[in-house]
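J.: Annotated ATP binding site per TrEMBL: 7, 8, 9, 10, 184, in sequence order. Annotation comment: TrEMBL describes 47, 74 as substrate binding site. Residues or ranges marked as domain 'Aspartate/glutamate/uridylate kinase' in TrEMBL: 2-226.
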């Protein structure tokens, strides 16, 4: 029997009514003949509420204790979901990340999965049960509970799908797939039917929140189809991320239109360091979620997204403590994503011209083969996103 892994985000589980609806969708998948593994996030704003309580008690809570605290949210969801499925006449069992064999690094609050040993999950599936897994968490080799940072439940789902050789991994949320830009910012943004793994990874790094970058990397390595869908549509529509390029994307490349989407990050740190670039880079890696860096000898420039649970101040304090000549400023980032967009100078010139025409001042530019990014003032981010979307995607 084929395995399918489904992940449901916190907005899809925000109250008992929504949990019941999701349970019905899970049961429907089981009744179509699949073995089902379900990964759940914490209900609604549970994680933020728990973090708020910790911060009331201490301005800089222990990262280890935060992991112990924040992992509770997903455990509540998994137990309630298992109960809801059992109430519908199907056997279900809830398991924590450690019970599923998810082994991580020891970096609390931003751990990375290094191994998955899903023996317990396989045993439960063999017994005919639906397995409900607490996302966002695992265990280190020291047997400490760890959490995976922003989008960690996505990573849990795809890592399990890879370990179980699942047919597909479906990521459900209140958003119907991946769009060419944030529809709240760019009115002409359209849903994307498909993306390559590389494009989706770059979009995630550049600020798109539908799928997590590490999750996409797991899917790419295992060559697993990754679907981003709306909870309300029960398996229809959405966006598929996969290795093969559909014909419309091949035609886009042939026509010389390399961009498929525009992503943005409203708030980040743009830092420049002298003399101790390696130490600064290590600090960023430990505390930050997303970075783009420019290195030249002993000088480093980097853009760091500000959605680590410890926030801006912790990172700034750490950088100051290093004693290096570090200049830090709060800025934004806009990026154009598409296979080949970073490979030719004409596309960077086109993007720079579009931003200039819109009156947007840029501070730095960075590129990969599938991405062009500009650092700019926070107040110009939305205008910059609209200008780049019009130049690269709407054209």
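Note: Cβ is positioned from N, Cα and C throughout, glycine not excepted.
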J.: For residue 10 (ATP binding site), what is the tally of other C-beta atoms lying within 10 angstroms of its C-beta?
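T.: Its Cβ has 24 other Cβ atoms within 10 Å.
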J.: If H, G and I count as helix, E and B as strand, and all else as coil, what does DSSP give for residue 184 (ATP binding site)?
T.: coil
J.: Between the two most separated Cα atoms in 7, 8, 9, 10, 184, the residues recorded as binding ATP, what distance in Å do you get?
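T.: Value for the max Cα separation, rounded to a whole number: 24 Å.
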J.: Are there any residues at least 6 positions away along the chain from residue 74 (substrate binding site) with a Cβ closer than 8 Å to its Cβ? List them or say none.
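T.: Listed in sequence order, they are 40, 41, 42, 134, 135, 136, 137, 153.
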J.: Counting other Cβ atoms within 10 Å of each Cβ, which of the binding-site residues 7, 184 scores lowest?
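T.: Lowest Cβ count within 10 Å among the binding-site residues (7, 184) is 184.
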J.: Using Cα coordinates, what distance in whole Å links residue 10 (ATP binding site) and residue 47 (substrate binding site)?
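T.: With distance taken Cα to Cα, residue 47 (substrate binding site) is 9 Å from residue 10 (ATP binding site).
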J.: How does the model score the domain 'Aspartate/glutamate/uridylate kinase' (2-226) in terms of mean pLDDT?
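T.: Within the domain 'Aspartate/glutamate/uridylate kinase' (2-226), the model's average pLDDT equals 94.
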J.: Fill in the CA-CA distance, residue 7 (ATP binding site) to residue 47 (substrate binding site), as an integer in Å.
T.: 17
J.: According to DSSP, which kind of secondary structure is residue 9 (ATP binding site) found in, if we only use helix, strand and coil?
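T.: DSSP call for residue 9 (ATP binding site): coil, neither helix nor strand.
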J.: Let me know the most crowded of the binding-site residues, choosing from 8, 9, 47 and counting other Cβ atoms within 10 Å.
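T.: Sorting the candidates by Cβ neighbours within 10 Å, the top entry is 8.
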J.: C-alpha of residue 9 (ATP binding site) to C-alpha of residue 47 (substrate binding site): distance in Å?
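T.: Their Cα atoms are separated by 12 Å.
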